[in-house]
Amino acid sequence: MTAPKKLYIKTYGCQMNVYDSERMAEALGGQGYVETKTPDDADMILLNTCHIREKAAEKVYSELGRFKGLKAARPDLKIGVAGCVAQAEGQEIMRRQPLVDLVVGPQSYHRLPEMEAKTRAGEKALDTDFPEEDKFEKLRARPKAKRGPTAFLTVQEGCDKFCAFCVVPYTRGAEVSRPVDRLLTEARDLVERGVREITLLGQNVNAYHGVGPDGADWSLARLIWALNDVDGLERIRFTTSHPNDMAEDLIEAHADCPKLMPYLHLPVQSGSDRILKRMNRSHTAEQYLRLIERLRAARPDLHMSGDFIVGFPEETEADFRDTMALVEAVQYGSAFSFKYSTRPGTPAAERAQVSEAEKDDRLQRLQALLTRQQRALQDAMVGREVSVLFEKSGRMPGQMVGKSDYLHAVHVDSDAIAPGDLARVRIVSSGPNSLAGELSR
Ligand code: SAH
Ligand code: SF4
Ligand code: F3S
């Protein structure tokens with residue numbers, strides 16, 4: 001037997017890329033590859049990239065530049081670029097960085113085995129098609145090896161919303177949902193391998209409309225209810241949702257579905273109706289706030305999370321204050337905020353830009369407010385009993401770390417806990433980034 005070849009994959013961007021990286025590694029497993037944690041001894045390096053902001057894309061080129069020495073020392077080393085930069089820039093990547101052997105887009109990575117063979121024959125391989133066939137049907141069956149207690153499962157891909165700032169509809173293509181029976185099979189397999197918590201993924205996960213086993217059109221809520229019946233699965237989450245796709249049955253699932261966690265990532269981007277309109281978000285700040293009221297009526301302890309963009313073209317100080325007011329009204333449990341980044345080919349790129357200094361100032365003010373809210377909700381956990389899914393050992397000996405229902409990191413000193421255990425924990429203190437607790441008796 002020949003020694004296995006080594007594959008080093010580095011993942012950037014969103015959770016969907018994390019899932020794709022797993023599937024790409026599995027696809028290349030059939031070509032005799034095993035994963036390695038360092039590029040230094042790799043036979044193939046694959047960067048799974050993100051194009052969402054300028055900095056994310058530039059990082060890829062500086063990382064590629066760093067592989068020059070490795071490639072000079074080992075000419076057999078193959079270097080590939082996957083993900084959203086691959087899709088957006090295609091051939092341009094090989095022109096700008098000639099050491100790249102392979103470029104593969106997010107919808108065509110089931111063709112990696114053939115592409116890898118082509119690079120071994122000394123050719124370059126490029127595939128950024130949006131193929132007719134479903135890549136998930138063509139990919140190798142997933143392995144059965146044990147794995148950690150949490151997993152992502154992509155149920156929906158692509159986006160038809162075309163927000164004026166965003167590249168995703170161009171890099172990931174149109175909205176497509178995977179069929180229910182495939183997802184249930186994959187979920188059951190994950191549970192058999194030790195998974196206790198599944199996060200359903202989609203660029204617009206709540207726009208999920210998959211074919212059910214009965215041939216009918218299933219909503220995300222219906223899929224969640226089916227997963228609720230999977231023995232051994234303890235927790236269900238989903239991300240990322242769009243406010244306009246928050247259907248009534250999904251709101252109700254937050255009230256009634258026992259395994260669905262009380263945490264919802266629902267980006268709004270801005271609190272100004274004028275800016276929301278210019279962003280092509282198709283909803284107002286008021287509609288978003290009313291939606292959250294309905295969600296909280298269904299599940300009073302729901303923690304909200306969101307995404308914000310500051311300094312979108314033409315955003316004034318008054319618009320920004322509307323965002324601050326919306327944040328005050330919601331009280332977020334966590335949130336991500338970004339300075340607007342111009343993306344070539346998107347409508348907003350052509351408009352009057354806000355100065356970098358103003359963007360910096362607004363980002364700082366918004367993040368200060370969000371951090372205060374986040375901390376307040378975390379501190380409010382002290383004295384409460386929560387359930388924690390333990391994932392790994394902590395930094396201190398005898399310590400275990402896991403996540404609460406609300407996604408707070410919780411650490412507990414105990415020798416009696418193993419990864420994958422779900423336990424009731426009484427929270428005793430709140431630190432900068434995590435909670436400390438004791439097992440409840
Ligand atoms: N599908 C998700 C978001 C995907 S992108 C949704 O619609 O909410 C993740 C986040 O990146 C977005 O929510 C947005 O806040 C941010 N983002 C996207 N494009 C951006 C840009 N051009 N500049 C700055 N932030 C951006
Ligand atoms: Fe991008 Fe908007 Fe689609 Fe989200 S909904 S992926 S922000 S275009
Ligand atoms: Fe980035 Fe593509 Fe995800 S642009 S955020 S990796 S969908």
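Just so you know, glycine gets a Cβ as well, placed from its N, Cα and C.
The following features are taken from TrEMBL:
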{"type": "BINDING", "residues": "C14, C50, C84", "note": "[4Fe-4S] cluster 1 binding site"}
{"type": "BINDING", "residues": "C159, C163, C166", "note": "[4Fe-4S] cluster 2 binding site"}
{"type": "DOMAIN", "residues": "5-121", "note": "domain 'MTTase N-terminal'"}
{"type": "DOMAIN", "residues": "145-379", "note": "domain 'Radical SAM core'"}
{"type": "DOMAIN", "residues": "379-441", "note": "domain 'TRAM'"}
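Sequence features, as recorded in TrEMBL, placed on the structure.
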residue	record	DSSP (3 states)
C14	[4Fe-4S] cluster 1 binding site	coil
C50	[4Fe-4S] cluster 1 binding site	coil
C84	[4Fe-4S] cluster 1 binding site	helix
C159	[4Fe-4S] cluster 2 binding site	coil
C166	[4Fe-4S] cluster 2 binding site	coil
Count up the helix, strand and coil residues in the domain 'TRAM' (379-441) according to DSSP, in that order.
1 helix, 34 strand, 28 coil
Other residues with Cβ within 8 Å of the Cβ centroid of C159, C163, C166 at the [4Fe-4S] cluster 2 site?
K161, F162, F165, V167, V168, P169, Q203
Euclidean distance between Cα atoms of C84 ([4Fe-4S] cluster 1 binding site) and C163 ([4Fe-4S] cluster 2 binding site), Å:
17
Across all protein chains in the structure, which of the binding-site residues C84, C159, C163, C166 has the highest Cβ count within 10 Å?
C84
Within 10 Å of its Cβ, which one of these binding-site residues (C14, C50) has the largest number of other Cβ atoms?
C50
Neighbourhood of ligand 1 - binding-site residues from C50, C84, C166 with Cβ under 6 Å:
C166
Measure from each Cβ of the binding-site residues C14, C50, C84 to the atoms of ligand 2 and list the residues where some distance is under 6 Å.
none
Rounded Cα separation (Å) that holds between C166 ([4Fe-4S] cluster 2 binding site) and C14 ([4Fe-4S] cluster 1 binding site):
14
Express the distance between the Cα positions of C84 ([4Fe-4S] cluster 1 binding site) and C159 ([4Fe-4S] cluster 2 binding site) as a whole number of Å.
13
Give the distance between the Cα atoms of C159 ([4Fe-4S] cluster 2 binding site) and C14 ([4Fe-4S] cluster 1 binding site), rounded to the nearest whole Å.
14
Number of helical, extended and coil residues in the domain 'MTTase N-terminal' (5-121), per DSSP:
62 helix, 24 strand, 31 coil
Taking every residue in the domain 'Radical SAM core' (145-379), what is their average pLDDT?
97
